[in-house]
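Visitor: Copied straight from Swiss-Prot:
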- Arg19: site 'Transition state stabilizer' (SITE)
- Lys26: site 'Transition state stabilizer' (SITE)
- Arg165: site 'Positions MEP for the nucleophilic attack' (SITE)
- Lys221: site 'Positions MEP for the nucleophilic attack' (SITE)
Amino acid sequence: MASTLKFIVIVPAAGVGKRMQANCPKQYLRINNETILSHTVMRLLSHPLISQVIVALGTEDQYFAESELAHHKDIIRVNGGTERVNSVLNGLKAVDSDKYPWVLVHDAARPCVSHQDIDKLITRCLRKDYGGILATPVRDTMKRGVLIKDSAKGDNTIIESTVEREQLWHALTPQMYKTDELTLAIEQALENSLKITDEASAIEQANLPSLLVSASSENIKITHPNDLALAEFYLNKQANNTN
C-alpha cells in the first residue's frame, strides 16, 4: 500500500486477565516460547508503516523489564490506568500529534492480527478521512437474555428476544482515529462519566463516524485458557504461509 505517513500504535497492557486463571498476567503467557505481548508488539512493529508502539503497563508490572521488549528502541513504556480507557489516554498523552496525526490502538492479547487487515484499515480511514475499526459480521443467531432471580430454585438467564443480526458486528482491534479527536473524545467521555469499552465507543459519544472494516476471524482475543491453543494454531499457520 502507498502512504507517506507513519503510524504509532498504543497497546494497553495493564490488565491481569483473571479469566485465564494463570499465575501471571495473560499477556506474559508464552506461545512458542515467546510472550503473547511480544508476539503482538513485534507483529505491529514489523508492519512497514508502523514506526513505534506505546505499551501501557500496570504500575506493579514485574514482567516487562525482564522481557525481550524492554530495551527495544521503538517501544515506549507508559503507566497504565485503572481501566483500559485510562491506559489508552495515558498513551495518547505520550503521542506527538504533529508527528503522528493518526493513532491506532490494539489489544495486547490479539497477537494474530495480519498485516493485510492493518493495511485495509489504514487505507480505508485515510481515504474517508475519519476513523474506523477492524470488525467481523455476526454470523450466529443472537439472543437477548434476562436474569430471573429465584431464591428457591436458583437464578437463571432466559431468552427475552431474538436480536436481528444483519447489522451487528464484533468489534476487534486495531481501532484507528485521528490522535487529537480520540484524545478529546475520551477526555469528554470520562468527564461525563460515560461507559467507554473501546475507542469506538468514545468516538460514538462524541457523535463522530466510525468505519467498520471487515477483518479476518483469525484476529482472536486471548481471553480463556482454550484460546491459547487456537492462537498458537493461527500463529503457526501464518508463519508457514509467509515461508
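Glycine too: its Cβ is placed from the backbone N, Cα and C atoms.
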Visitor: If you count the other Cβ atoms within 10 Å of each Cβ, which of the recorded sites Lys26, Arg165 comes out on top?
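Guide: Top count of Cβ atoms within 10 Å goes to Lys26.
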Visitor: Starting from the Cβ of Lys221 (site 'Positions MEP for the nucleophilic attack'), draw a 10 Å sphere and report how many other Cβ atoms land inside it.
Guide: 16
Visitor: In which DSSP state, out of helix, strand and coil, do we find Lys26 (site 'Transition state stabilizer')?
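Guide: Its secondary structure by DSSP: helix.
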